[in-house]
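What TrEMBL lists as active site, for sulfotransferase activity is Lys139. Annotation source TrEMBL lists compositional bias 'Low complexity' at 92-109. Under the heading disulfide bond, TrEMBL lists Cys328-Cys340. Look at TrEMBL and you will find 131-369 tagged as domain 'Sulfotransferase'. Residues or ranges marked as region 'Disordered' by TrEMBL: 71-123, 332-351. Here TrEMBL flags 15-34 as transmembrane segment.
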Amino acid sequence: MGCGGCRVRLNFGKVLSKVSVFLTMVLIFTYFFYCLTGLCDSAPRTLYSQQGADGGDDNVDDRSQVLVDLRSPPPHHFGAQRQLHKRTASPDALQVDAEQQLQQQQYDQGSKKETNSIPVSNTYGTKKLPNAIIIGVKKGGTRALLEFLRIHPDVRAFGAEPHFFDRFYDRGLEWYRNLMPRTLDGQITMEKTPSYFVTKEAPSRLCTMNCHTKLIVVVRDPVTRAVSDYTQTLTKNPGLPSFQSLALKNSSTGPVDSTWSAVRIGLYAKHLENWLQYFPLSHFLFVSGERLVSDPAGEMGRVQDFLGLKRVISDKHFYFNQTKGFPCLKKPEGSSRPRCLGKSKGRPHPQIPSEVLQRLRDFYRPFNQRFYQMSGQDFGWD
């Protein structure tokens, strides 16, 4: 009986040993199977993407956290624009509120985008301060220009508007640099914030960063631009007063009210005078918003030359959308389908009395002529 019990224990031990070997082989086989399918290292990669190689911000290229910071404005948020509104009537307050809502939407959209076809989590290259900036003007065609430029393989651009030189300057250049996408040698870093052009402090601040930065200004007939600006605000605040009551003092009987931001932005000569105190004219390229619609390839050729880029963007990249009334990309970078800009582009404008539009044209005429002389270009708005 004693020996029989030993045999039972011995056989049971052998069974346990075989089961252990079998389970070990199953675990090893499962591990190799997961490795072959690329799943075994997903956790380490996730950890690396969150912390970076040395735990520093430079190794994290995730714009979502940056956009969270952007949505938390400092106390002086929109302060520069409020200085442009000397009247305290509710229409201007409504317009500022609408602009804030629009910027929030732009940041939300920017957080979902990737610059060119390179993933947001890309860790190749380095983050650099911009070589070139689209500084203006609002409702001139800056978004179209930036999207067209992003077709070029040597251009890397931040999708949202960082507003560093007008709203978030106190956060410092390092914060600004960390917003930018990573670039390789030979690539250009860009951003666009149209409000820079009309912000008094922006030129000196930008020059403090780099007085050799290339500056692009997209301009458009100031009367049409003002109506477009008003239309954008009206979509957010349907109860906004009429265009003419905002554009003219004392309703339709008074002079043009240049303190209203929609009118003031169109005083291109005055804003350019401020910039020319810090940057030579050779550092500017003035892009026609009208020609960007009628001849996008031609205008993009000028832009590529100005930036020192090979002419890659051409007629083959565009087609004209009859419904929207402006060009769309046949095949944007990273996509196999044509794409137009968002619903906010190509909105129908409200009917404005012809006498109001004529008064605005008369008001802008001397400023336009001065701007033609300063820029060396006749945009034909008169």
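From the backbone N, Cα and C atoms, a Cβ is placed for every residue, glycine too.
A Cα-Cα distance of 17 Å separates Cys328 (disulfide bond) from the residue listed as 'active site, for sulfotransferase activity'. Each residue contributes its Cα atom, and for Lys139 (active site, for sulfotransferase activity) and Cys340 (disulfide bond) those atoms are 16 Å apart. Mean predicted confidence for the domain 'Sulfotransferase' (131-369): the pLDDT average there is 93. Take the CB of Cys340 (disulfide bond) and look out to 10 A: across all protein chains shown you find 18 other CB atoms. Each of the recorded positions Lys139, Cys328 was scored by the number of other CB atoms within 10 Å of its CB, and the largest score is that of Lys139.
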